[in-house]
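Inspection log for the structure reproduced underneath, given as structure tokens.
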Amino acid sequence: MNNKYQIAIDGPASAGKSTVAKIVAKDLQYVYCDTGAMYRVVTLKAIQNGIDLNDETKISEMLNDTDIRFEPGEPVQKVFLDGNEVTEDIRQANVTNSVSTIAAQKAVREVLTNWQRDLAKNGGIVMDGRDIGSAVLPNAEVKIFLIASVQERAERRYKENIAKGMETDLEQLKKEIEIRDHKDSTRKISPLTKASDAIEVDTTSMSIQDVVNEILRIVENASKRK
């Protein structure tokens, strides 16, 4: 495939975006950008510095002295905050349950969106998040919107937590996902939105490889249309 596309993959929490996006990027030899991890890093730093998560001014000022970096890793991409690896830290419950507050702030989204657009300007990138196709990369050649039932997403998160040695309650995870969905879809700034030209893929009964194959098929079809 000669064309280097911008591929936007959106969807709610635990729909499989990051897992699938990383594999698709590897298969296409594209760059992978986990935008959700960027918001988690900002959330983690605010928590570590004792900043009120609703204080948009202080968090915006904090971003002026914040460095976020990604490095290839297995089984997950490594994430660094100001030179320190925080790959596991940003997946802890305190960050997961607070990140929607940070992601709803206009100043934060403006800064991170500019970083993301700059990274994607030359194409050859797979970017996943909540509003990539609708707001961050509205001109992306390929837009995917992944969905899955709340039960399925809770079970996925449960298995991930158990694999990491984290004690977790399935019903609590379902409640947290429902709350996160509501926050993400109702926030005023860049809510979770399916772009009008995005292709919806229901991953509830699909394996990871099935989803990857479907996205690669969609990309191939986009290539044929060029």
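Glycine too: its Cβ is placed from the backbone N, Cα and C atoms.
Feature annotations, courtesy of Swiss-Prot:
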BINDING   G11, P12, A13, S14, A15, G16, K17, S18, T19  ATP binding site
Cβ-centroid neighbours of ATP site G11, P12, A13, S14, A15, G16, K17, S18, T19, 8 Å, sequence order: V20, D128, L146, A148, R153
Distant-in-sequence Cβ neighbours of A13 (ATP binding site), under 8 Å, six or more positions away: R153, R157, I177, R180, D181, D184
Spatial neighbours, same chain, of T19 (ATP binding site) - Cβ under 8 Å, 6+ residues apart: I208
Secondary-structure category, per DSSP, in which A15 (ATP binding site) falls: coil
Close in space, distant in sequence - G11 (ATP binding site), Cβ under 8 Å, 6 or more apart: K17, D128, R130, F145, L146, I147, A148, L192
